[in-house]
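Per TrEMBL, the feature transmembrane segment maps to A:31-51, A:71-91, A:98-122, A:134-153, A:165-184, A:204-226. Positions annotated as domain 'Cytochrome c assembly protein' by TrEMBL: A:35-191.
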Amino acid sequence: MFLIPDAVVRFYHRMASPPHFYTFTEQCMPWLVGVFVILVSAGLVGGLYLAPADYQQGDSYRIIYIHVPSAWMSLFIYIVMAVAGAIGLVWRIKLAEVVLVSSAPIGAAFTFIALVTGSLWGKPMWGTWWVWDARLTSELVLLFLYLGVMGLYGAMDDKRVASKAVAILALVGVVNIPIIHYSVEWWSSLHQGPTVITKTGKPAMHSSMLIPLLLMALAFKVYYVIALMQRARTELLSRERNSQWVKNKIAMGAKL
Amino acid sequence: MKVARKQRLILIALMVVGTGIATAFALKSFNENLMYFFSTTDVVAGKAPKDALFRLGGMVVKGTVIRPDKGMMVRFTLTDFSKEVTVEYTGILPDLFREGQGIVAHGKLNTQGVFIAQEVLAKHDENYMPPEVKASLKKKATTEGKL
């Protein structure tokens, strides 16, 4: 690992230690929540109030400010899960396993939001709640993959073994991610093609609408980090309940 | 890197690549079934099913939307900028249905080669802009057209 600077390696190793992760995330939390509140308020005011109505859809298009960031997060979180799964399998790092299992419910929630908001928009705009085109079907499969990871993990008592099983499921399922992304280009679908990252390299969206969308996307990313840290902390405490550092934390009267 | 770790890493890489290749083959062989609709060129070329229901996608040609007997039945022409197909539909059209927009119709061909739709869905494109920008784009296009 000669390409990676020493400081990064050291940070990585320290973060992999559960007690250090626990303390570090506690210190980060207020800052992250602050950044999230600023981003989400800017994004919502920009998207729902400042951005103009669309020339075709009027105000109905504004659901994009929830739908698109949620859909992006549903893909992003799955990739995080798969990478964490690979790290957990190869290096047997406990924290990677915790990141994997803690991400699944958050990813499932974002996928669900993307599907529901898309459906609500689809009824008036397309004329139907649901169609079995490539994009919608592959996104639904993604929801089932998340639910599968959650179910499989919950079904096994030995959490180290369960982590290995869900890591393999997450890695196999990662093949669905490029399928979802390219579904609208590979096959004819009712779902429209990409707006922000187009083939011409220029977003097919006016900047007054695009900036709030990107702010919302950033806000959702920060929200994911917050939710992930909270879930990972409780997961760590329950896994390490017999270890000395947890006992010390309790003895010191640390906030749980 | 330790040998055991390296082996596990290679194993995982092989697994992901293997699943990827298997899925690519599966998708390749199901390619036709994954297409949500046929294009108008497919229909003219006779690639679409003759007696079964299928979906037809295309752009509504400007100035072709008419209601022949002043009722609910609407007739229009779809194009993929190469071949055209006439569509007839009785019912309520979605909000985004308009001339020059993409739509997907579900139905079948009659003996005259007219597509009788049971359902019409509007396909939204990827463009988002305020009405003023659209108006100025249109203005620019017409002035350029005059030159």
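Quick reminder: no glycine exception, Cβ is built from N, Cα and C everywhere.
When each of A:31-51, A:71-91, A:165-184 is scored by its Cβ pairs under 8 Å to the transmembrane segment (A:204-226), the top-ranked stretch turns out to be A:31-51. Counting C-beta pairs under 8 angstroms (sequence separation of 6 or more), the transmembrane segment (A:134-153) reaches the transmembrane segment (A:71-91) with 3 or more such pairs. Distant neighbours of the transmembrane segment (A:31-51): 62, 64-65, 208-209, 211-213, 215-216, 218-219, 222-223, 225-226, 229; these residues of the same chain sit at least 6 beyond its ends, with a Cβ under 8 Å from one of its Cβ atoms. Averaged across the domain 'Cytochrome c assembly protein' (A:35-191), pLDDT in this predicted model comes to 93.
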